[in-house]
Amino acid sequence: MNADALKKMAAEAALRYIQPGMIVGVGTGSTTNFFIEALGAARIHVDGYVASSLATENRLKMQGFNVLDLNGTGDIPVYIDGADEADPHFRLIKGGGGALTREKVVASAARLFVCIADVSKDKPMLGKFPLPVEVIPFARSYVARQLVKLGGSPTLRDGVTTDNGNAILDVTGLDLSDPLRMEETINAIPGVLDNGIFARRRADVLLFGSADGIIERKT
Ligand SMILES: O=C(CO)[C@H](O)[C@H](O)COP(=O)(O)O
């Protein structure tokens, strides 16, 4: 099975967490796009959706779904999103699609975070995938120098402006053996909006599509 088939499998499995009348947070990326397709086919009557990006908002609206402003919903019961890496402690790297800050906000506002991915994202530890860091454009070079001091090699993601009007630095070479510490250290650099380590707000459920079927792990 190819990666897309495995992503679709994980996305469809996430439907088991969706109940009629809920408000559902929806992430960003190709796996989440399969989830949006599956929602359309499943016809579960939810109250509305909170999107973690403008791209997701547009996709949801194209399906005729009701998209809500997070400022008016309070906490939400469930958030479904993909990841670039997941470790055995449910910690993630996210932000390959550049939506990491809003994704972390929606994940944090959710009572249950279900992470969906193909099994290639299941890793013994985080750190192979370049870590996305969202920075305000004014501080880009300063933040890059601080990331070098932390042992990283930052590269500006060319031509990318986030939904929040910011830039993304993709950082390789960081020691992520203590992901929570690195998440907080990077976020303490002035000019950083957020970074793609999800260690403070981890996933609650991991759903991996694999050749042997769905792998489901719960905290
Ligand atoms: O964090 C993300 C977007 O910011 C995505 O969830 C992550 O990049 C995984 O993407 P895909 O489902 O396309 O593999």
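Each Cβ is built from the backbone N, Cα and C atoms, and glycine gets one as well.
Listed by TrEMBL as binding substrate are T28, G29, S30, T31, D81, G82, A83, D84, K94, G95, G96, G97; the candidate from K61, K121 that the record includes in that site is K121. The record gives T28, G29, S30, T31, D81, G82, A83, D84, K94, G95, G96, G97, K121 for substrate. Within 8 Å of the mean position of their Cβ atoms, the other Cβ atoms in that chain belong to G27, T32, E103, A117. For the binding site of substrate, formed by T28, G29, S30, T31, D81, G82, A83, D84, K94, G95, G96, G97, K121 according to the record, the largest Cα to Cα distance is 16 Å, rounded to a whole number.
Neighbours of E103 (active site, proton acceptor), defined as other CB atoms within 10 A of its CB across all chains, total 32. Neighbour density at the Cβ, taken as the number of other Cβ atoms within 10 Å, is lowest among the binding-site residues K94, K121 for K121. Contacts of S30 (substrate binding site) defined by a Cβ separation under 8 A and a same-chain sequence distance of 6+ are given as D4, K7, G82, in order along the sequence.
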